[in-house]
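Q: The structure's right below; bear with me while I get my questions together.
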Ligand code: NDP
């Protein structure tokens with residue numbers, strides 16, 4: 001006898017052994033009736049859910065958000081209702097392109113996702129470590145992601161495809177410049193900012209709407225890795241981010257971020273030279289200064305990675321009363337696509353799992369049955385399974401409705417024209433010419449040349465022409481680094497995949 005609990009099957013039947021199969025005699029074959037063996041092997045076969053098509057490699061922590069400044073004049077969201085109010089948060093940071101076993105220290109954009117378990121349901125801030133993105137229309141997203149993934153024939157990553165796509169999408173140059181700058185390989189998730197990137201809205205108790213952008217500024221400082229340092233780290237460990245986060249939390253050195261918002265009135269949004277709902281644009285700080293809101297502290301490693309991080313399903317459509325969407329086309333595509341991806345990846349009732357279920361709000365809905373229907377929502381009466389009903393089933397609360405949004409009637413029928421425009425070069429030019437210093441520009445040239453080295457001449461020239469429109473020094477610097485081979489270890493994997501010859 002032992003004090004340890006008895007091992008059982010999933011139906012609760014005690015296991016007689018967890019070491020040997022049941023056989024027909026000591027030397028005979030395995031009995032088909034050994035359902036303990038069958039259950040064990042069958043469960044192993046099902047231990048993985050499909051990995052995310054993007055953002056497959058991730059690291060997560062639990063923690064809390066504390067309000068430090070009053071923004072109730074902008075929003076009636078309960079999460080911001082009082083200075084000092086705290087809300088539990090789950091974070092997941094990720095790389096975009098690599099598979100779930102990819103090395104952490106690769107040059108890539110990082111996902112920066114937060115789930116706030118608010119008293120009005122979960123609010124998910126599903127952002128990146130960059131304030132902009134490569135494209136501004138969800139129609140292009142599958143094409144873009146295909147260029148980041150493996151080539152269908154070589155089964156290797158393809159710089160040719162990446163730069164070919166970017167060269168056909170001049171608005172990408174803002175994000176590519178950030179990706180190839182120092183911030184392209186953060187030392188760890190603790191050493192990078194998070195941005196909601198999209199424009200969202202907030203509305204206050206009087207029903208007044210403002211457009212907002214979310215900024216989470218690292219308090220650990222921006223630390224980044226050069227290509228050479230990253231290659232050295234990856235040679236020693238593929239899990240450098242997981243190790244760093246683990247060590248920080250174990251040592252009580254909890255990573256923190258300061259949350260800020262930028263605010264734009266509806267009237268101002270009609271007047272900006274750039275489209276304030278274009279995900280390839282920032283809002284300049286001098287016109288729209290950061291307004292401090294609170295502090296995020298991530299202080300706990302989840303007890304079980306799979307349960308809390310792999311199962312975590314972040315949705316841009318998880319907003320709460322007082323926070324809303326905007327006409328940002330990428331955001332609108334994500335509002336549909338994320339929930340769809342989670343239903344495929346995890347299952348119909350994925351939001352009933354511990355990582356995703358609201359902790360501080362009651363869930364009442366009429367979605368019944370399907371996979372993972374392990375919760376009860378019959379509202380105390382099994383007849384209350386449709387609406388309207390004469391029983392105690394839940395009813396909608398019209399007081400939480402978003403204030404009406406003025407829309408240009410023509411916008412409803414007009415497709416946005418995807419044309420090259422000078423406005424797409426203004427902000428990358430400001431970043432290159434005014435924000436970066438000479439050393440930063442030099443490293444940018446070399447990082448980009450490293451990434452472009454394996455690319456065909458035709459793609460190189462098309463991309464260099466775009467850099468020239470940003471700033472002639474940019475084009476000249478990258479061209480020189482390409483010609484002299486004076487660049488660090490190429491950050492993007494070097495493959496010999498110049499376009500494949502296709503036989504007639
Ligand atoms: P500011 O001079 O006020 O802002 C420049 C910002 O650049 C800094 O605040 C910092 O953002 C960011 N930055 C510094 N180094 C890097 C880097 N290696 N990669 C990416 N960003 C970096 O000017 P503006 O607000 O007018 O912006 C000028 C340009 O700066 C923009 O065109 C854009 O390219 C870039 N930028 C602007 C941001 C914004 O929200 N306005 C945010 C990030 C970049 P942070 O404070 O967020 O760390």
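For all residues, glycine too, the Cβ spot is worked out from N, Cα and C.
Copying in the features that TrEMBL gives for the protein in this structure:
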- 1-23: compositional bias 'Polar residues' (COMPBIAS)
- 1-29: region 'Disordered' (REGION)
- 8-395: domain 'Catalase core' (DOMAIN)
- 55: active site (ACT_SITE)
- 128: active site (ACT_SITE)
- 338: heme binding site (BINDING)
- 481-504: region 'Disordered' (REGION)
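For the listed features, I'd like the structural context: burial, neighbours, distances.
A: The list of residues near the compositional bias 'Polar residues' (1-23) in space but at least 6 beyond its ends in sequence, with Cβ under 8 angstroms from a Cβ of it, reads 29-31, 33-37, 39, 43.
Classification of residue 55 (active site) by DSSP places it in coil, neither helical nor stranded.
A 10 Å cutoff on Cβ-Cβ distances gives residue 128 (active site) a total of 26 other Cβ atoms nearby, all chains included. For the recorded site, residue 128 (active site), the DSSP three-state label reads strand.
Residue 338 (heme binding site) falls within a helix when secondary structure is assigned with DSSP. For residue 338 (heme binding site), the same-chain residues 6+ apart in sequence whose C-beta sits under 8 angstroms from its C-beta are 126, 313, 314, 315, 316, 317.
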Q: Would you kindly give the Cα-Cα distance separating residue 55 (active site) and residue 128 (active site), rounded to the nearest Å?
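A: Computed Cα spacing between residue 128 (active site) and residue 55 (active site) is 11 Å.
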Q: Over the domain 'Catalase core' (8-395), what does the predicted model average in pLDDT?
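A: PLDDT averaged over the stretch: 96.
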